[in-house]
Amino acid sequence: MAKLFRAVIMGPPGSGKGTISERIAQRFGLTRLSSGDFIRENIAANTDAGVLAKTYIERGLLVPDHVMTRLLLPRLEEMTRHSWLMDGFPRTLAQAEALNSTCDLDLVISLNIPYETLKERLSDRWIHPASGRVYNMGFNPPHVQGRDDISGEPLIQQDDDKPEALVARLRHYKDVAKPIIDLYKSKGILHTFSGTETDRIWPYINSLLSTKIPSTSQTDTQCIPMP
Ligand SMILES: Nc1ncnc2c1ncn2[C@@H]1O[C@H](COP(=O)(O)OP(=O)(O)OP(=O)(O)O)[C@@H](O)[C@H]1O
Ligand SMILES: Nc1nc2c(ncn2[C@@H]2O[C@H](COP(=O)(O)OP(=O)(O)O)[C@@H](O)[C@H]2O)c(=O)[nH]1
């Protein structure tokens with residue numbers, strides 16, 4: 001019976017988590033899970049957790065741990081037969097511990113990208129708010145300027161992608177990510193990639209995953225339901 005593969009991708013805002021997760025999902029056939037997308041789906045569906053999460057996001061805050069775990073862990077329990085890659089969770093040590101008690105992670109990718117690069121990328125990042133699809137006017141522009149490729153709806157720039165908000169976001173990321181990174185380092189599953197260009201980092205991630213991901217893997221149970 002093939003073993004399943006579970007991985008997490010971490011990095012500061014703009015480090016390329018979304019871009020790289022999309023490539024990994026396509027290349028290795030993993031299901032891509034994104035906490036941001038999952039929250040947006042819950043907001044759109046008006047679930048209790050979605051309504052609650054929205055009140056935090058609107059104030060530019062992280063959604064509290066108990067709301068996040070209530071949203072995400074049941075979703076992971078549905079994924080017992082799939083290999084997956086998670087982007088955006090865990091974002092606090094409490095979330096990492098909750099994930100730990102639900103799942104055995106195989107690998108954690110941490111992206112280490114210089115501040116100047118993050119600043120440039122985010123000042124050029126445009127998103128389609130309803131879906132979370134991300135564009136960059138230089139790196140991956142939309143087919144039609146200012147419009148989402150799939151829906152044709154307008155793209156927006158998020159206030160917290162502006163340089164003045166970025167310093168605080170990065171400081172916050174460093175503070176909360178450090179204990180999570182230390183935890184994964186101590187478990188021996190952390191792999192850190194540094195650089196200024198996704199296209200130069202990608203071959204290293206690709207070759208690491210080629211050695212780690214079983215060819216196909218659909219029937220095993222690694223996630224156990226929370227008590
Ligand atoms: N694991 C999490 N814990 C708490 N809040 C979260 C979590 N994941 C997402 N959120 C909330 O949802 C919002 C949107 O998340 P998403 O990951 O799509 O975008 P983001 O914060 O702009 O990330 P990035 O800039 O790194 O791509 C976050 O700003 C935060 O308020
Ligand atoms: N110029 C440039 N932009 C990139 C590169 N990699 C990703 N981007 C863009 O930078 C922005 C941030 O990337 P994203 O994947 O959203 O990062 P995340 O915030 O970590 O999920 C997006 O607009 C991407 O299109 C790169 O190598 N060069």
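For all residues, glycine too, the Cβ spot is worked out from N, Cα and C.
Because TrEMBL annotations are produced automatically, they should be read as predictions rather than curated entries.
Taking a C-beta cut-off of under 8 angstroms and a sequence separation of 6 or more, Gly16 (ribonucleoside 5'-triphosphate binding site) has the following same-chain neighbours: Leu111, Ile113, Arg121, Thr198, Ile201. The ribonucleoside 5'-triphosphate binding site feature in TrEMBL is assigned to Gly14, Ser15, Gly16, Lys17, Gly18, Thr19, Arg125, Val134, Tyr135, Thr198.
With helix defined as DSSP H, G or I and strand as E or B, the region 'NMPbind' (34-63) counts 20 helix, 1 strand, 9 coil. If you look up TrEMBL, you'll see 34-63 marked as region 'NMPbind'.
What TrEMBL records for Ser35, Arg40, Leu61, Leu62, Val63, Gly88, Phe89, Pro90, Arg91, Gln95, Arg169 is AMP binding site. Secondary structure from DSSP puts Phe89 (AMP binding site) in coil. If you take the C-beta of Phe89 (AMP binding site) and look for same-chain residues 6 or more apart in sequence within under 8 angstroms, you find Val8, Leu33, Ser35, Met68, Leu72, Gln95, Leu99.
The region 'LID' feature in TrEMBL is assigned to 124-161. Counting same-chain residues at least six beyond the ends of the region 'LID' (124-161), those with a Cβ under 8 angstroms from any Cβ of the stretch are 13-14, 18-19, 34, 36-37, 40, 44, 60, 169, 198.
Residues or ranges marked as domain 'Adenylate kinase active site lid' in TrEMBL: 125-160.
Binding-site extent for AMP: residues Ser35, Arg40, Leu61, Leu62, Val63, Gly88, Phe89, Pro90, Arg91, Gln95, Arg169, maximum pairwise Cα distance 20 Å (rounded to the nearest whole number). Across the residues annotated as binding ribonucleoside 5'-triphosphate (Gly14, Ser15, Gly16, Lys17, Gly18, Thr19, Arg125, Val134, Tyr135, Thr198), the widest Cα-Cα separation comes to 15 Å. Checking the binding-site residues Gly16, Arg125, Tyr135 against ligand 1, none has a C-beta less than 6 Å from an atom of that molecule. Each residue contributes its Cα atom, and for Gly14 (ribonucleoside 5'-triphosphate binding site) and Val63 (AMP binding site) those atoms are 19 Å apart. In three-state terms derived from DSSP, Tyr135 (ribonucleoside 5'-triphosphate binding site) belongs to an extended strand segment. Shown for the domain 'Adenylate kinase active site lid' (125-160): DSSP residue counts in helix, strand and coil, namely 2 helix, 12 strand, 22 coil.
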